[in-house]
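Q: The structure's right below; bear with me while I get my questions together.
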4 protein chains.
Amino acid sequence: MRILFIGDVVGRSGRRIVTETLPELRRRWALDLVVINGENAAGGFGITETIYNELVEAGADAITLGNHSFDQREALVFIERAPNLIRPGNYPAGTPGRGAAMVETAKGQRVLIMNLMGRIFMDAMDDPFALADRELAACPLGQAADAILVDFHGEATSEKMAFGHAFDGRASVIVGTHTHIPTADHQVLSGGTAYQSDVGMTGDFDSVIGMEKDEPVRRFLTKIPSGRFEAAKGPATLCGLAVETDDATGLALKVAPLRLGGRLSETQPDFW
Amino acid sequence: MRILFIGDVVGRSGRRIVTETLPELRRRWALDLVVINGENAAGGFGITETIYNELVEAGADAITLGNHSFDQREALVFIERAPNLIRPGNYPAGTPGRGAAMVETAKGQRVLIMNLMGRIFMDAMDDPFALADRELAACPLGQAADAILVDFHGEATSEKMAFGHAFDGRASVIVGTHTHIPTADHQVLSGGTAYQSDVGMTGDFDSVIGMEKDEPVRRFLTKIPSGRFEAAKGPATLCGLAVETDDATGLALKVAPLRLGGRLSETQPDFW
Amino acid sequence: MRILFIGDVVGRSGRRIVTETLPELRRRWALDLVVINGENAAGGFGITETIYNELVEAGADAITLGNHSFDQREALVFIERAPNLIRPGNYPAGTPGRGAAMVETAKGQRVLIMNLMGRIFMDAMDDPFALADRELAACPLGQAADAILVDFHGEATSEKMAFGHAFDGRASVIVGTHTHIPTADHQVLSGGTAYQSDVGMTGDFDSVIGMEKDEPVRRFLTKIPSGRFEAAKGPATLCGLAVETDDATGLALKVAPLRLGGRLSETQPDFW
Amino acid sequence: MRILFIGDVVGRSGRRIVTETLPELRRRWALDLVVINGENAAGGFGITETIYNELVEAGADAITLGNHSFDQREALVFIERAPNLIRPGNYPAGTPGRGAAMVETAKGQRVLIMNLMGRIFMDAMDDPFALADRELAACPLGQAADAILVDFHGEATSEKMAFGHAFDGRASVIVGTHTHIPTADHQVLSGGTAYQSDVGMTGDFDSVIGMEKDEPVRRFLTKIPSGRFEAAKGPATLCGLAVETDDATGLALKVAPLRLGGRLSETQPDFW
Ligand SMILES: [Fe+2]
Ligand SMILES: [Fe+2]
Ligand SMILES: [Fe+2]
Ligand SMILES: [Fe+2]
Ligand SMILES: [Fe+2]
Ligand SMILES: [Fe+2]
Ligand SMILES: [Fe+2]
Ligand SMILES: [Fe+2]
C-alpha cells in the first residue's frame, strides 16, 4: 500500500501548496492513502469545517490534529459529523470526536489511523503508551487492519523514539508531528515500522515554526508580548513522509521523506 | 572557508566513527575548520580529558558542550587547560572554562566559536539572546573574525529558529544541538547565515536518543526507573553540517548536511 | 470522627518527632484515624519496610506516598504485603501496590484513603481528576464510607484548589502534600470538605525543603551539582492537619493545623 | 522599623479590602513602610495607573509586581513616571521601569525594595541569585540602607527557601509571592532575615487562586478552554507579613503573618 502523510499544515500558505500539489501527487503515485495533520490549518490555530472540507477535497482520506485541535471552537461541534477528523485519543473521556478511525481505501483495504499526544514538555494528557497498547492489542496489524498509521504529536525526541520502539512491529507507520521541523531520521525500525521523529510542517520556513518571525523573536528578546502570532505568508514547503507497506503483513517496506517547494531542499521518494 | 560541524558524539560508538572517518574527511575536503559537540562523548554523559584529546587528534579544532558539560567532574578542572573546549557561555559567572574561543585555522583565518544553551524546556541559564548580542557586537563578522560559528544547544524548535533569525547576518553558522535527531531544515537564511535547527547526534540510531532503548522505554511505560541509562553500542551515524563561507564577508555560501554510516540515509555535500 | 493527617516525614529528624509525639497525641485527643505521608521518610528518598513498620507502630493507620514512592526499590516488593501503604493511584496500571485503601477504625468506622499525584510541574501521570471521580462515584461519602481522605500530592496551588472544589462534598478531607511547606489556607469548603493546599513536611525547617541547605543553594548559584542531597538533621517541626467529621454525613465540621517543635510557630487544634 | 508587606492583590475584591483596612492599620500600628504586590490588581491581570494611584493613596509606599507586570499594556508607559512601582529586576535589560527602588520613610529611614522573579516552573528570566548578590553587595544592610525588603516572585518552594538562605543576613525581609496561597513558615532565619515562602494573595479564597472557580476546574477536567478567567468576586482575605526590624542593624527582630477578612482564619501580629 502506498501511504503519504503530510505534516502540520500552517495557515493559508500551507493550505495553498496542499491544494495545488496533492491532487497531482495522488494521481502520479497512485497513492492508496493520504493523511494530513491539520491542527494549524486555520491561520496557525486549529481547523474550521470549511478548511477540513478543502483538505479532504484536495485528496486527504483523514485529518489528524494535536494540541491545537479545538483552537477554533466550531471544531468541538463539527468534529462529530466529520468521521475522518481525528483528534488525539488521549484527551479526557467525553471529549468530542474520536482518537482513531478505520478508513477504507479505494481498493477496499482497511487502515487504522490513530492520533496521540506526547506528554513531555506538553500538557498533561492521558498515557499515550497505555492507550496505544490497548488499541493496538484490539486491532492486530495484518489481521484487523491492512495498515496502521500513528501520528504521535509530541515535543521530545526521547519520547518519540521510545514510542516508536515500544510499538515497533505493531504499526505500519509511526510518525511524529508538532515541532514543525522535519527530522532526517526516517527509517524502518528493526520490527518493521516506518518511523520519523517529526515530519515537519507544511508552511513557510522563513518564519518561527510557521509564524511571522517578528513577534516571536521580539518575545524572546523582551519577554513581553507586543502583538499576536500570525501565520507566515511566504511560499510553503510541503513536508511529508512516503511509506510503502507490505499488503500481507502491513509492515513497512520503504520509507522516504517528501519535501516540495519553499525554502527547504527538495526531496522525493525514489521508489514510486 | 570550509567548515564541518559534527553533532553530539555519544559514547564509544560515536567516538569510533569520528576517529575512523574524520581524518580522511578533513583531508579529502581540505576542511579549514572542524568543530565537534562532545557533551555526550563519555558513555553518554560529559567528556574526559582523554576523550577530549582523542577528538582533537582525530581532527577537531574545537569541542563544544551543553547541559552535560560537567557530568564528568574532571571537566571542571581540565577545561581550564583545554583552550578550545567550549562550554555554554550562559552558565553563571565564575563557571570554569569559557563560552567562546577564537580559533586560528592553518591558513591563518580567525574563527569565533560560541556555545550557548537554550532555556525553553531546559535548565534556567542566563539569557542566550542578550549574551549573543553582546558578543557579536564585540566581534563583527568579516571584521574581527573571518567566520563565526554558534552551537545553540537547545530543545525547542521555536527558540532555535527565533535565535537564528535574531542573529541572521551576524554569524556564519548557527547550528542547533541537544535533541540528538538531525533536522532537514538546513538553509542559508535571508541575511546569509547557514542554519540548521539540530545537526543530530553522532551515535547509534537504533536507540532512544543514543541510549540503549530498554530502560528509557520501560520508564515511559512504568514511570519507575529500573536501571541506568547506557550508551547504545551499535554502529553510529555521523551527523554533521557542512558550510562553505565567503572569505570576504564571512557569510555562508553553501550548506549541506553530512550523514555517514549506521541506520540513517547517507548524504554528503555535493559542493566539495 | 477525629482525623489527623501528618505531612511528608523527612528523614531521621522527621521520624523522631513522630515516634516521640504521636503516641501521646493519639491518646490525648482520642484520635480515630492517623494518616502519614511517608514518601521522604528514608533519608529524604522513599520508604523502607522497617520505617513503614516504625511509623505504623507510632500510631499511623495508613501511610501515603508520592513521587518518591519507589526511591527505595524494596518498596516495589513490600508494598504488596503492606495493606495500608498507599501510593498514588494514578501510576500506570500494573504498578505494585494500591492507590486507595479502606481502613477500619477501632470503633468500626470505615475510612477510604486515597493518594493521587498532581500533574502540573510534575511527572506525566494518569488524570487524577478522572480517577478521583470514578473512585468517589463508587464509594459515596456517608454511605460506602464513614469518611474519605484524599492526599493530593502536587506542586501547583491552582491544581490543588481546583481539585478541592471539583470534589468538594464528596470527600471529608482533601489535603495537599509535596511542596513541604505548610499553607495557611485550611478551611471547610462550601460543600463540606476540609481543605488545605499543603500540610507541609515533618522535618527540619532550617533547610531547603528538608534537605541540608548547602548543596541546593550551591546548585542554584552554580547550576552544577557538587554533592548529594542529604536530609537535614536539626530538630523537626511536625506539620499536620486536624479534622473533625460528622459521623452521619462524613463531612468536615472543624479543621485546624497542627505544628509542633522545630522552627515554625506552634499551633494546635482548639476544638479537641 | 515596622514593615507590612501585602501579597498579590487580586481584582476588585482584593483592592476593596486594602482600601478599607490599610489606612486604619497604618495608623493603628504606626507602620513605617507598607509594600503591596499589585501584579493582579486589575481584574487579576496586571495593573493600571488608576489602580496604582489607588493603592498608593490607601497607604502603600511601593508596589511590586511579577510575571503579570505588563498584562495591562499601559504599565509599560506609566511605570516610567511611577517611581515606586517596581517590576522584577531580572527582566531583560531595556525593560521599562526598575527592579529596585530606595524609599524614604516619614522618619527619614532609607529602605531598599527589590522585586525578583524565580525561574523554576516559570518563564526564563535572568538569574535572580546573581542579580541579588550584585545589588546587595552594592547596598550593604545597615549601612547603605536601614532596611531591605525583597519580594521574590516564584513558584517552587525549593527555590524560595534556597534564595532565603543564600541571602540570609543581607536583607531584612525576603518574602515570596506568586502562588497566591499563604504559607505558615514565617520565621527569622539564623542570619537575621525575616522569611516566608509565600505571603499569599489578597483576594477571595473561595476560588482557584483568586479566579472564579468554574472555568479553571473545567479546564482541568476537559483540557479545553471554554471561557476566560475572571477574578472571583467574594469577600477577600487580606494576606500580609508584619516585620519589625532593628534600626541599628536592619535585621529582623519579629515576624508574624497578618490575615484579615474572608474565608481564612484571622491572625494578627501580637507584638504591635
Ligand atoms: Fe502543529
Ligand atoms: Fe502542536
Ligand atoms: Fe547531547
Ligand atoms: Fe544536551
Ligand atoms: Fe515530599
Ligand atoms: Fe513529593
Ligand atoms: Fe500573583
Ligand atoms: Fe505571579
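A Cβ is built for glycine as well, from the same backbone N, Cα and C atoms used for every other residue.
Predicted, not measured: the structure shown is a model, and the values here were computed from it.
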Q: Which one of A:D8, A:D146, A:D151, A:D214 goes with A:E39, A:N40, A:H180 at the Fe cation 1 site, as TrEMBL has it?
A: A:D8
Q: What does the structure give for the C-alpha distance between A:H178 (Fe cation 2 binding site) and A:D8 (Fe cation 1 binding site)? Integer Å is fine.
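A: Pair distance, Cα basis, whole Å: 7 Å.
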Q: So which of these binding-site residues, A:D8, A:E39, A:H180, get their C-beta under 8 angstroms from chain B?
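A: Near chain B - Cβ to Cβ under 8 Å - we find A:H180.
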Q: Under DSSP, is A:N40 (Fe cation 1 binding site) helix, strand or coil?
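A: Going by the DSSP assignment, A:N40 (Fe cation 1 binding site) belongs to neither helix nor strand, so it counts as coil.
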Q: Excluding A:D8, A:E39, A:N40, A:H180, please set out which residues of the same chain place their CB within 8 Å of the center of the CB atoms of the Fe cation 1 site, keeping sequence order.
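A: What remains near the Cβ centre is A:G7, A:V9, A:V10, A:N37, A:A41, A:G44, A:G66, A:H68, A:T177, A:H178, A:M201, A:G203, A:G210.
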Q: Which residues in the same chain, at least 6 apart in sequence, have a Cβ under 8 Å from the Cβ of A:H153 (Fe cation 2 binding site)?
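A: Same-chain residues close to A:H153 (Fe cation 2 binding site) (Cβ under 8 Å, separated by 6 or more) are A:N37, A:E39, A:T64, A:L65, A:G66, A:N67, A:P88, A:N115, A:L116, A:M117, A:G118, A:G176, A:T177, A:H178.
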Q: When the Cα of A:H68 (active site, proton donor) is compared with the Cα of each of the binding-site residues A:D8, A:N40, A:H180, which one is closest?
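A: Its closest listed neighbour, by Cα, is A:N40.
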Q: Please list residues from the chain of A:N40 (Fe cation 1 binding site) whose Cβ is under 8 angstroms from its Cβ, counting only those at least six apart in sequence.
A: A:D8, A:V9, A:V10, A:G11, A:G14, A:G46, A:H68, A:M201, A:G203, A:G210, A:A231
Q: Could you name the residues, excluding A:E39, A:N67, A:H153, A:H178, of the same chain that surround the Fe cation 2 site, i.e. Cβ within 8 Å of the Cβ centre of those residues, in sequence order?
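A: Neighbours found: A:D8, A:N37, A:L65, A:G66, A:H68, A:S69, A:P88, A:M117, A:G154, A:T177.
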Q: Which residues, sitting 6 or more apart from A:H180 (Fe cation 1 binding site) on the same chain, put a CB under 8 Å from its CB?
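A: Spatial neighbours, sequence-distant, of A:H180 (Fe cation 1 binding site): A:G7, A:D8, A:V10, A:D198, A:G200, A:M201, A:G203, A:I209, A:G210.
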